[in-house]
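According to Swiss-Prot, the features are:
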- Glu92: active site, proton acceptor (ACT_SITE)
- Cys336: active site, S-methylcysteine intermediate (ACT_SITE)
- Cys112, Cys116, Cys119: [4Fe-4S] cluster binding site (BINDING)
- Gly159, Glu160, Ser191, Ser214, Leu215, His216, Asn290: S-adenosyl-L-methionine binding site (BINDING)
- 98-331: domain 'Radical SAM core' (DOMAIN)
Amino acid sequence: MRKNILDFSYEELVDEFSKIGLEKFRVDQVWDWIYKKHEFDFDKMTNLSKEHRNTLSERFYIYVPELLDMQISQIDKTTKFLWKLEDDNTIESVLLFHPDRVTACISTQVGCPAKCAFCATGQSGFVRNLSAGEIVSQIIAMEKHRKVNIGNIVYMGMGEPLLNYKEVVKSVKMLNHKKGKNISMRRISISTVGIPEKIVELAQDLPEVKLAISLHAPNNYKRDIIVPMNKKYSVEEIIQSAKEYQKITKNRVTFEYILIREFNDFVDDAEKLAELLKGMGAYVNLIPVNPVPSSGELKFERPHHWAIERFKEVLDKHNIENEIRREKGTDIDAACGQLRRRYITNKK
């Protein structure tokens, strides 16, 4: 049975090639075609002999996701992609354009088991984990379609990265490899809802990668309501693991905080958050919620402008470095899960 060559790390591919009589430098050539020239057809890899191309075609194939939909913001060029995988499941990726860099936001699972109440992805349910190749292929597919060079990566798309730990770590190492994309570990961020034991493991396995924790509430009572996994991993456990992560890596931790009108945007919430993060040197991203349909009593509405500023002022007063995230792609379905959810709904 032929295998998708993108699912192999560099080291694994060297081993696979040696089994079929191909030298190590042939891996360099193939990776150069795939990762730098975005060529996914062995027959067009002209610095390989016809015999070698035939050998590769007999044992491997190159599968990158099929583009189903692409939305480009007229405001800031933010680009949202909807991809179809080999098994017809769908995932999303996003390109974010900055004056000095292009950042890719990529998915790690089809759907998400975390089921955060404010997230369109979580409301669609969980299907399966992505392979390392499916994670990495989002990067090269986006580069090919938008003709850009991606320099920063955030694992903040569909899915909980730390619940697909092995494949996520493998994909990071593949993207960092000097023969592949050669993206610095320090330009890669992994966002998690908070899996304490995996946060500590990540510190040991990928100490240079940046960590972002989706906290969203300063206490267990409120977090239980919007982040169901908090019933398993409490705020206190998450903060403790973040401190252990800092101790091991010496990296600053970013905390994501979704602001929801008249739920977690009060002065008292800001005071409790400041107390929780006291002495950590943490960074807080304040994110006004993207409205999503809700079947419960809680309405996911953006806070008033003055409430957002009031929350920020409290953190400033306590010397907690923070910023209000500037929205990108407001004229397209740029929030996580929106494009896929609409596609699934229209198919029914």
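Glycine is no exception: its Cβ is also placed from the backbone N, Cα and C atoms.
Recorded features from Swiss-Prot, shown on the structure.
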{"residue": "Cys116", "record": "[4Fe-4S] cluster binding site", "contacts (Cβ under 8 Å, 6+ apart)": "Gly122, Val193, Ser214, His216, Ile226, Val227, Pro228"}
{"residue": "Glu160", "record": "S-adenosyl-L-methionine binding site", "contacts (Cβ under 8 Å, 6+ apart)": "Thr108, Gln109, Cys112, Pro113, Ala114, Thr192, Val193, Ile195"}
{"residue": "Ser191", "record": "S-adenosyl-L-methionine binding site", "contacts (Cβ under 8 Å, 6+ apart)": "Val154, Tyr155, Met156, Pro161, Ala212, Ile213, Ser214, Glu256"}
{"residue": "Leu215", "record": "S-adenosyl-L-methionine binding site", "contacts (Cβ under 8 Å, 6+ apart)": "Gly194, Arg223, Val235, Ile238, Phe255, Glu256, Tyr257, Leu273"}
Among Ser214, Asn290, the one of these binding-site residues whose Cβ has the fewest neighbouring Cβ atoms within 10 Å: Asn290
Cβ atoms near Cys112 ([4Fe-4S] cluster binding site) (within 10 Å, other residues, all chains): 26
Other C-beta atoms that fall within 10 angstroms of the C-beta of Cys119 ([4Fe-4S] cluster binding site): 25
Cα proximity to Cys119 ([4Fe-4S] cluster binding site), best match among recorded positions Glu92, Gly159, Asn290: Asn290
Other CB atoms, at most 10 A from the CB of Glu92 (active site, proton acceptor): 28
C-alpha spacing of Gly159 (S-adenosyl-L-methionine binding site) relative to the residue listed as 'active site, proton acceptor', in angstrom: 10
DSSP-derived class (H/G/I helix, E/B strand, else coil) of Ser214 (S-adenosyl-L-methionine binding site): strand
DSSP three-state assignment for the residue listed as 'active site, proton acceptor': strand
Gly159 (S-adenosyl-L-methionine binding site), number of other Cβ atoms within 10 Å: 29
